[in-house]
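*Asks:* This is the structure, below, for whatever I ask next.
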Amino acid sequence: VRDAYIAQNYNCVYDCARDAYCNELCTKNGAKSGHCEWFGPHGDACWCIDLPNNVPIKVEGKCHRK
């Protein structure tokens, strides 16, 4: 497990405005908890605590949305 920005397809973060949204997203994916990290390196994005290793996370590089 690890603490990280949870990622969507193409290495894109989940944008957020509310902690509740991120906490629900993170816990649904097996994390202990989550919150909205404001003004972080990837903008306002969901940060998860103790996210399982099989869940994709934001890695180095750009978001490749089509």
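Yeah, the Cβs are placed from backbone N, Cα and C, and that goes for glycine too.
The structure displayed is predicted, hence computed values, not measured ones.
Quick paste of what Swiss-Prot says about this protein:
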type	residues	note
DOMAIN	2-64	domain 'LCN-type CS-alpha/beta'
DISULFID	Cys12-Cys63	disulfide bond
DISULFID	Cys16-Cys36	disulfide bond
DISULFID	Cys22-Cys46	disulfide bond
DISULFID	Cys26-Cys48	disulfide bond
*Asks:* Which numbers of helix, strand and coil residues does DSSP report for the domain 'LCN-type CS-alpha/beta' (2-64)?
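*Replies:* Secondary-structure breakdown of the domain 'LCN-type CS-alpha/beta' (2-64): 13 helix, 27 strand, 23 coil.
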*Asks:* In whole Å, how far is Cys46 (disulfide bond) from Cys63 (disulfide bond) when you measure between their Cα atoms?
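*Replies:* That separation, Cα to Cα, works out to 15 Å.
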*Asks:* Return only the integer: C-alpha distance in Å from Cys12 (disulfide bond) to Cys22 (disulfide bond).
*Replies:* 15
*Asks:* Starting from the Cβ of Cys46 (disulfide bond), draw a 10 Å sphere and report how many other Cβ atoms land inside it.
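*Replies:* The answer is 30 other Cβ atoms.
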*Asks:* Using all protein chains shown, find which of the disulfide-bonded residues Cys16, Cys26 scores highest when you count other CB atoms within 10 A of its CB.
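*Replies:* Going through Cys16, Cys26 one by one, the largest Cβ count within 10 Å is at Cys26.
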